[in-house]
C-alpha cells in the first residue's frame, strides 16, 4: 500500500487528466496573477467562457493556458436556455478544437443555480452531437443519475452557489451521488477555502473544480497551492479509510502498567 | 447591405462573406468561431458563405470565466 495516490488517475471520457484540481479562470485581476495561480495549483484542465470578441481586449486567456500546457475546458456560463447553451458549446468546439464542454444552464442571475429542465435538454442534444458533456448540476442525486444515463462524461454537483464560498451545504447528497455514480463526480462551485476542497475529496468526489476561491483570494497563488494540497490530502484520506465516529472516547494509551500511589 | 455583427448593425458590401464580417470585428487568426442566425459556420467555409440582408452574425472567442 503506497503512501501516495493509488496510481489510478482521473479519467474523463477515456482520457487521463493529470490533476484532480480543475481550475476556472474567472475573477483573476490580471493574466499575470492568473498564470501564477494556475502554475501553483498544478491543474491540468481549466475552464474558459465564450463571449463576443472584443477588439480592445489585451492578452488572451488561451495564450496563458497554452504557455502553461493546460488543457482548455470551455463552458456555457451565462446561458439560460438549452438552445443558447448548445449554440455556445458548438461555437466553443469550433473556436477551440475541443469536443469537451462544461455545460452550464442557469435559472437566474441571483442564485446562478442550474435549471434542471433546460440542463437535461441541452445535455441530450450535445451528447447526441458527440460532445463529452460535463454538466454543472445541483446536488440532487436523482438529477445526477439522469445526467449519467443520458451519457454525460462526468457529473459536477455544486457544493453551494457559484462564488458564494459557502462550502458543501449538503455533504449527505454529495455522498449519495458518489455512491451511485459510474462516471467521475466533480464537486463544482461553492468552495471557499482549502478545507472545503479536502472535504469534497473525503466524501469520495473524483475531483474539485473551483475558481473564485483562488482568483479572488488575497494571495491567489498561495490559495492555489493550498487547494492543490487539500485535494491531495482529501484524496489520500478517502483512500486511507477514516476511523468511524464514536460517541465516547477510546484511549490510545494502554491502561495497564500505570504507576500507582 | 446591413447585417448585425455581435449585436451591432454594420454596413457591408452586397454579397459580403462571413469572413468579411469576422474581419470587421477581430484580427485574431485562431480561437474564434462564428455563427450566422444561430448556426455555426466552420472557419473553412467563412470565405465561401455569403451573407444576406439582416443576417445576425455572432463572433465569439474564449475569455476568463468559470
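Including glycine, each Cβ sits where the backbone N, Cα and C put it.
Owing to the predicted nature of the structure, the values given are computational and were not obtained by experimental measurement.
Annotated domain 'Thiazole synthase ThiG' per TrEMBL: A:12-254, in sequence order. Sequence annotations record features per position, and here TrEMBL assigns active site, schiff-base intermediate with DXP to A:102. The annotation 1-deoxy-D-xylulose 5-phosphate binding site is assigned in TrEMBL to A:163, A:189, A:190, A:211, A:212.
This view paints the features noted in TrEMBL onto the structure.
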residue: A:102; record: active site, schiff-base intermediate with DXP; DSSP class: strand
residue: A:163; record: 1-deoxy-D-xylulose 5-phosphate binding site; DSSP class: coil
residue: A:189; record: 1-deoxy-D-xylulose 5-phosphate binding site; DSSP class: coil
residue: A:211; record: 1-deoxy-D-xylulose 5-phosphate binding site; DSSP class: coil
Close in space, distant in sequence - residue A:211 (1-deoxy-D-xylulose 5-phosphate binding site), Cβ under 8 Å, 6 or more apart: A:23, A:24, A:25, A:26, A:27, A:47
Mean predicted confidence [pLDDT] for the domain 'Thiazole synthase ThiG' (A:12-254): 95
Cross-chain proximity of recorded positions to B (CB under 8 Å), evaluated over A:102, A:163, A:190, A:211, A:212: A:102, A:211
Where the record names A:163, A:189, A:190, A:211, A:212 as binding 1-deoxy-D-xylulose 5-phosphate, the maximum Cα to Cα distance in Å: 9
Lowest local Cβ density (other Cβ within 10 Å) among binding-site residues: A:163, A:190: A:163
Other same-chain residues whose Cβ falls within 8 Å of the Cβ centroid of A:163, A:189, A:190, A:211, A:212, the recorded 1-deoxy-D-xylulose 5-phosphate site, in sequence order: A:24, A:161, A:162, A:164, A:165, A:191, A:210, A:213
Spatial neighbours of residue A:189 (1-deoxy-D-xylulose 5-phosphate binding site) that are distant in sequence (at least 6 apart) but have CB under 8 A: A:136, A:158, A:159, A:160, A:161, A:162, A:163, A:164, A:209, A:210
Neighbouring C-beta atoms (10 Å sphere around the C-beta of residue A:102 (active site, schiff-base intermediate with DXP)): 28
Tertiary neighbours of residue A:212 (1-deoxy-D-xylulose 5-phosphate binding site) (same chain, Cβ under 8 Å, six or more apart): A:24, A:26, A:27, A:162, A:163, A:165
Whole-number Å value for how far residue A:102 (active site, schiff-base intermediate with DXP) lies from residue A:190 (1-deoxy-D-xylulose 5-phosphate binding site) (Cα to Cα): 16
